[in-house]
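A.B. asks: Sharing the features that TrEMBL gives for it:
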DOMAIN    41-313  domain 'G-protein coupled receptors family 1 profile'
TRANSMEM  22-53  transmembrane segment
TRANSMEM  65-86  transmembrane segment
TRANSMEM  106-127  transmembrane segment
TRANSMEM  148-170  transmembrane segment
TRANSMEM  206-226  transmembrane segment
TRANSMEM  255-280  transmembrane segment
TRANSMEM  292-314  transmembrane segment
Amino acid sequence: MNNFTETGLTFREDDSFTTNDIYMTIVFVNVIISAVIGLAGVVLNLINITVFIKMGFGEFTNVSLLSLAVADFSALLFLSGIVILYNPLMLQVADIGMIDTICYLAVATPHVCFLEISGCCNCLLVLERLLCIALPHRIKSLVTPRRALLVNISIYIYIISIKILVHIGYSVSNTVFQSEGNTTIVLDPQAIGKTMDSISNVLDTFTQLTTFPLMVGLTGATIRVFQKSSEWRRTVTSPTQSNAMSKKERKLAKMVLIISSVYIACIFPSFLTALIILVFDNLSMTSREVFFVTFTFLFNIDAINSTLPFFIYLNMSSKFKLSFKSLFTSSLEGIASKSAFLPYRKE
């Protein structure tokens, strides 16, 4: 029986599951789907980052949206590393144990790190929207671009610090000697590594299991406050103003619902899996292949969540659309101007 100690999972060797169909499923899900989603997401989030920088940081929302785009871009970038490591060619030329170690430390851990940062940034965005609706006259004094930047930086520092504990445990030397008089105490590096990993897992599990319920609660509160605010405005404004305002409010409500609903729908499988692993200790899986099929499926759903914001911004934000068109137009003009200086060659 093989033990996967990093996740607390136990694999059972079962030849009935090590068929070519299972292997091809892993290859298809991991290489084909992940590669397509990851590449598209990296490009689209790079566009998001460029557009938000072009829009400037006069509004605190742009700061949080840029932070979210950076987290999504980084998560998808590390996802491509998983695709490279677990492909048929690499599995044939490299030791599987070495691939697992490299993947866990250098690829999967950073990937999950930025996914969690993305979740926290999503919660912050919904909280900012909730404050905008509930306290419209005080929002500019409560939330400033500088404060939004500090909060986003704090999120990055907190999540990255949790993941660094894993690397600290694995970077400990083979043996650590500590002298006390004539007694020499030898500390087991594996014990140190497991301790660091356990601390990281506790903080990591707490973050994962609180982000999803927090997002659901903030989304529900935002919808509720928005409905009350809309009803109140209809009673104190003229019919013409009410209709105009209602159209704008419906667009805002639709954008909030889409962003939060996409996140909740995409994160729910990962949240449920983490909850099952937490409740059922020493969870047993039938084989290593089934394990990777499960988590590759979850990674792909997370990748979809990190890729879709570009289309939401493009369809729901007029400022984003104008900035994107301006950026795209200027890029085409730059290419055209460069090509105009190329020497003309007769056939």
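Positions of Cβ are set from backbone N, Cα and C atoms, glycine also.
Keep in mind the model is a prediction, meaning the values are calculated, not measured.
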A.B. asks: Tell me whether the transmembrane segment (65-86) sits in contact with the transmembrane segment (255-280), defined here as at least 3 Cβ pairs under 8 Å among residues 6 or more apart in sequence.
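C.D. replies: With fewer than 3 qualifying Cβ pairs, these stretches do not touch.
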A.B. asks: What mean pLDDT score does the domain 'G-protein coupled receptors family 1 profile' (41-313) have in the model?
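C.D. replies: Overall, the domain 'G-protein coupled receptors family 1 profile' (41-313) comes to a mean pLDDT of 79.
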